[in-house]
Amino acid sequence: MLYDFASWYRRWRFGEGKRIDLVLIGPPGSGKGTQAVKIAERYNICHLSTGDILRAIIASGSELGQKVQKITESGGLVSDDIVCDLIAQKINSPECKNGLLFDGFPRTIEQAKKLDNLLRDRQIHLLAALEFKLDPSILEKRICGRLFHLASGRSYHELFNPPKVPMVDDITGDRLVHRSDDKPEALKKRLYEYDKNVAPILHFYESQNKLLRINANKDVNQVFSDIQELVRTKLAEEK
């Protein structure tokens, strides 16, 4: 009850009494994952990360979880239908009543259209799609220093967010790893694929007057401040 009151007061105090539903778009290393956590806490909305959702369904040991695990372990991509079904289940959950924050979804124009239909069927109005823009040189520096704890999905950075003990997860003490594709040449290929897939998604949201661009070259706190200002402005326009 105390948590609910604090959440209600925060939303009332800052004039955000309505639902806030957002999509975050950005390449790996753009900082959207870091900002997603801050946004979800700030507005008390449901953070839907496809990576977290897929890890959870695998951990459940269900028939679907075993199917997803086989796909991911073989290096395949989980189908749009499976991802959208899992997203739909989360959308309907009570903890998402204040709004939704989509992180890592949609990744293709087909997913964007499916998400649009999912929200429309539930009479949910997407407030905005936030695109994280940053210089390629900064992106390379961020990506190539990343460290991961595979079991939990926690991430660190050798320069910007190092673990307490080098190459060791702060919580479990497990060994951290570099992703094999977090190297300059592999990164170029990933960004080429990202740009190819994201262009129609950006056009899709821009045609709906929902696309807002974020200068992700700035530090974490300034980026978060800019996001809050954009959300305030967009909410005012929607009234």
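Using the three backbone atoms N, Cα and C, a Cβ is placed for every residue, glycine included.
Quick look at what Swiss-Prot annotates:
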type: BINDING; residues: GLY29, SER30, GLY31, LYS32, GLY33, THR34, ARG146, SER155, TYR156; note: ATP binding site
type: REGION; residues: 49-78; note: region 'NMP'
type: BINDING; residues: THR50, ARG55, GLY76, LEU77, VAL78, GLY104, PHE105, PRO106, ARG107, GLN111, ARG179, ARG190; note: AMP binding site
type: REGION; residues: 145-182; note: region 'LID'
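Under DSSP, the residues of the region 'NMP' (49-78) split into helix, strand and coil as follows: 22 helix, 1 strand, 7 coil. In terms of local Cβ density within 10 Å, PHE105 ranks first among the binding-site residues PHE105, TYR156. Nearest by CA distance to TYR156 (ATP binding site), out of the binding-site residues THR50, GLY76, VAL78, PHE105, ARG107, is THR50. The Cα of ARG179 (AMP binding site) lies closest to that of ARG146, out of the binding-site residues GLY29, GLY31, GLY33, ARG146.
Residue counts for the region 'LID' (145-182) under DSSP, split into helix (H, G, I), strand (E, B) and coil, are 0 helix, 11 strand, 27 coil. In this view, ARG146 (ATP binding site) is surrounded by 19 other Cβ atoms within 10 Å of its Cβ, with every protein chain counted. Residues 29, 33, 51-52, 55, 190 of the same chain lie 6 or more positions beyond the ends of the region 'LID' (145-182) yet place their CB under 8 Å from a CB of it.
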